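Per TrEMBL, the feature domain 'SKP1 component POZ' maps to 24-85. Residues annotated as domain 'SKP1 component dimerisation' in TrEMBL: 130-177. Residues or ranges marked as region 'Disordered' by TrEMBL: 166-194. The feature compositional bias 'Basic and acidic residues' is assigned by TrEMBL to 167-188.
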Amino acid sequence: MIAEAAAVEVQANEAPVVAPIMYKVESNDGKVFEISDEAVKQSNILSNLISTCAPEDVASMDPIPITNVIGNILKMVIEWCEKHKGEALPVEDDSVPKHVNVPEWDTNFLKIDNDVLFDLIVACNYLDVPGLMNYGCKIVAMMAIGKSPDELRIIFAIPTDEEDEAAERAAKEKAEAEKKAITDKDAAEPSTSK
């Protein structure tokens, strides 16, 4: 009886392994990446885009253009989705306060330059990747804990009032110079009307 059960278990384990369906996505800078059908489910936008694709047509499909995300950031989003494929998406429930615990792998994954982290969060918002969005935002929130306004200004690259005023003056001066150059050019050209 035990031998028969072992034989049945071996047969069950020998089921053919089906290769995952791989979709191609293209960043706005022309880099093409592959993402599995299971990993795609971590992005509500990608899931919706591929929902009408027949599996037999995937190999001949052009890459799906992701126009608002650059290659290095899209690569990170895909890496995260592949790591978390098969996991349930976070439930959106605004009536319950969110308490997000960032797992160790994700904490290490998100130990990146602030500019890259902010771009990653923007990409998660665009592609609607709620799990990575929650973790990224939690990391940003943890950066702010216990910081003074001046420290926050440095961390988040927020200009001072003086820097804002200087940038506004420079933009105004540039606009006035461009307007003057156009006016001078028009005045210098001979009139063609008689």
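Each Cβ is built from the backbone N, Cα and C atoms, and glycine gets one as well.
Computed from a predicted structure; not experimentally measured.
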How many of the residues that make up the compositional bias 'Basic and acidic residues' (167-188) does DSSP mark as helix, as strand and as coil?
22 helix, 0 strand, 0 coil
Over the domain 'SKP1 component dimerisation' (130-177), what does the predicted model average in pLDDT?
89
Summary of DSSP states over the domain 'SKP1 component POZ' (24-85), given as helix, strand and coil counts:
30 helix, 12 strand, 20 coil
